[in-house]
Amino acid sequence: MALDITFPDGNVKQFPDGTTVKAITEGISNSLAKKAVAGKLDGDLIAYDEPIAHSGQLQIMTKDDAEGLTVLRQTAAFVLAAALKDLYPDIHFGQGQATEDGFYYDTDRADGQVSVDDLPTVQKKMEAIIKENAALEPVVLSRAEAFQAFKNDPFKKQLVEAAGDPIKGYKLGDFVDFEEKVLLPSLKDLKHLKLLSVAGAYWQGKSSNPMLQRIYGTAYWSEKGLEDDAKRRQEAAEHDHRVIGRDLDLFFVDPKVGAGLPYWMPNGATIRRVIERYIIDKEIADGYEHVYTPVLANLDLYKTSGHWDHYREDMFPPMDMGDGEMLELRPMNCPSHIQIYNHHIRSYRELPLRIAELGMMHRYEKSGALSGLQRVREMTLNDGHTFVALDQVQEEFKKILRLIMDVYEDFNITDYSFRLSYRDPKNTEKYFDDDEMWTRSQSMLKGAMDDLKLDYYEAEGEAAFYGPKLDIQTKTALGNDETMSTIQLDFMLPERFNLTYVGKDGEEHRPVMIHRGIVGTMERFIAYLTEIYKGAFPTWLAPTQAVLIPVNNDLHLDYVNRIKKQMLVAGLRVKVDDRNEKMGYKIREAQTKKIPYTVVVGDKELNDAAVSVRRYGDEHTEEEAGNMFIDALVAEVKNYSRDGKTKPGEATKVLGD
């Protein structure tokens, strides 16, 4: 039976049954064959030298394609397992995967785990296996054969139970692994790899399952790829908010309490408090009414909103109160804000009605997905909802967008882009059923962007079921795109909760609900800022804005304490380092803690009513009059936060008085 193969250019050719991707590639050109590593048939990766199963659309995957790198790393994970089995015959295996930047394999040993010190030995064994260049043989096992092959491995047996029949695998010498992924046709190209680290991971990501040991590595087609990867990892480590958070004592996670439940230390709590006060003041000034709503709610609320039907896997189990009442930790704040809207009869004169809250939420995140402050189980969202008439959408959208960009400016966030998401015009039946509302609202959002003369990407088919949206994507410290802010129109929740307002005509009308997040959750935003600033927070955000160091406590401490008092009165965050340590040590420690200003006071400064100031990152110090330094610092803080409450010169008295 012939195979009808359609190529990316639309050409269709027939090939005999049993033809491989390799045979087709070699028939196209030798240069392509040298780079090819796999195929993609109707969107699914297929092995390079196995018979093509059926007719379809075929793409040749090469070393230049992302899929090619995935195949390389899947092969590296397989060889890692083979090396581990050779070194530790008693080892059990979970699953191995290629990742965005490498690969891993989950393992378990009864007789002691593999440590990071063992990785050079394991890598040497991998390199020896690769050097032998033994054939990677595809194998097909019946379920019974697979059970026999993995009879001593409890985790592989679970995978076999969940798999179909027959089961695909690969054989390398005496080593056989249950492997439905595509591997390289041979090991000759697997030359540039490195094992990186060891960490714990629950089996299948469930905390109720055994903790396995995850061995991480990476692989590239060239040595340069490995070198560039090492540089990126070093840079990532220097920006990693988890490392910086530990070094600057911002937050910690206690396993006795639970993963994904961070404790905010005084330094981190100060940063968070400054941001929270800032954002609340910004929103109130922009017409929002700030509220507090319960973190618990009756489960029926989330059934009405649809969260229980569509997001149940992300919600914690309900709490049965024993009297028929079921309470739920809220996964989102919008149903609570709807209750506030619905608490009164609303008039068109009240619209737009803007409600905002720093609302605590809970998400049922698997332990394997948790990461520092970026992925947590308890979070506080800078959340807001506006209720508008349909003809107010465009102006309100612009108002929200201006607020977002104003906040970005204060935090010096300059690298961002806009993505406007519409419904799919060819598949409208999967969206909320109101063509006129969709047409008008999408036109309004586009009109608002054009009015503000902003560049944006239009993404058809990416809108939510219930309305179009705008995502604002910022660049992380490592140059990756991350959605920071969202403006989302919602036609569905007003219907579900029967929201109305009385119009000019005296009749009831349905409002449009606009969800908007300015900076997302406090946890994720502070993680982002920590990495962007590399821990060197701008003065207005820094937990300690200045440290004062007397040269001699007996002679200079009284003067230093007077300076401290004036700075505290001015609303600044300042500490005195009067420990019995060497001056150089104190200054170095202040720099290590990334405190914006280190202020030293000795005889000259005392006599001149002055201070010697060293800015973080500078090598030199400058002498300034004490009053002028404090005024300049107050002005700097005011400039970052635009709070306007203290004018330079108002906060200080003559320090020599």
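In case you wondered, yes, glycine gets a Cβ from its N, Cα and C as well.
What you are looking at is a predicted structure, and each value in this text was computed from that prediction instead of being measured.
Look at Swiss-Prot and you will find 1-62 tagged as domain 'TGS', backed by sequence analysis.
Annotation source Swiss-Prot lists region 'Catalytic' at 240-538.
In the three-state DSSP reading, H515 (Zn(2+) binding site) counts as strand. Around the Cβ of H515 (Zn(2+) binding site), a 10 Å sphere holds 22 further Cβ atoms from the protein chains shown. Annotated Zn(2+) binding site per Swiss-Prot: C334, H385, H515, in sequence order.
Residue with the densest Cβ environment among the binding-site residues C334, H385: H385, by other Cβ atoms within 10 Å. Those same-chain residues not listed among C334, H385, H515 yet with C-beta within 8 angstroms of the centroid of the Zn(2+) site C-beta atoms are M332, N333, H337, I338, D383, G384, Q488, D490, L493, M513, I514, R516.
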